[in-house]
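Below: the structure, in structure tokens.
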């Protein structure tokens with residue numbers, strides 16, 4: 001594990017200087033889930049909410065959130081993203097929706113925070129749209145699955161930790 005890069009030698013917060021780093025292709029994949037009552041999941045899948053198609057609204061919210069990370073997380077760089085994709089996998093056996101986000105760019109810094117934020121905001125949007133029916137939903141297991149590009153190389157979460 002390396003040093004914490006967001007602090008200087010005196011412990012003061014700082015934005016990492018990436019001026020001298022080359023722009024390379026960066027990809028990050030994150031996942032998370034929202035667990036709910038079976039009736040809530042069924043209604044989502046039937047597109048039965050008056051507010052609209054819950055998963056499509058969550059997809060748009062996740063994409064928008066990925067594009068605004070530098071305004072949400074204080075020391076994140078402003079990055080020109082080239083792709084943001086969200087996928088939703090309903091899991092009726094566990095009464096949940098698994099959310100996956102893939103974010104790409106060509107930049108001197110990675111897009112892990114953008115992928116994690118996309119997943120988180122998509123889950124929050126599902127919660128918001130369904131809370132009138134189910135206030136016991138649980139958002140969890142938000143994690144980085146994979147990242148590539150840059151100095152730190154290629155990271156892939158162990159298979160047993162991906163679920």
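Just so it is clear, glycine is given a Cβ too, placed from its N, Cα and C backbone atoms.
What Swiss-Prot lists as active site is 128. Taken from Swiss-Prot, the feature substrate binding site applies to 75, 76, 77, 113, 114.
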Shell list (substrate; ref centroid = CB of 75, 76, 77, 113, 114; cutoff 8 A):
69, 70, 73, 79, 109
Distance check, please: Cα of residue 77 (substrate binding site) against Cα of the residue listed as 'active site', rounded to an integer number of angstrom.
28
Since the record lists 75, 76, 113 as binding-site residues, which of them has the fewest other Cβ atoms within 10 Å of its Cβ?
75
Separation of alpha carbons, residue 128 (active site) and residue 114 (substrate binding site) (Å)
21
Using a 10 Å radius on the Cβ of residue 114 (substrate binding site), the other Cβ atoms enclosed count 27
DSSP output for residue 114 (substrate binding site) maps to helix
Would you give the longest CA-CA distance, in whole angstrom, between residues of 75, 76, 77, 113, 114, the set recorded as binding substrate?
13
Return the count of C-beta atoms lying within 10 angstroms of the C-beta of residue 77 (substrate binding site), excluding that atom itself.
16
Work out how many Å separate residue 113 (substrate binding site) and residue 128 (active site) at their Cα atoms, rounded off.
22
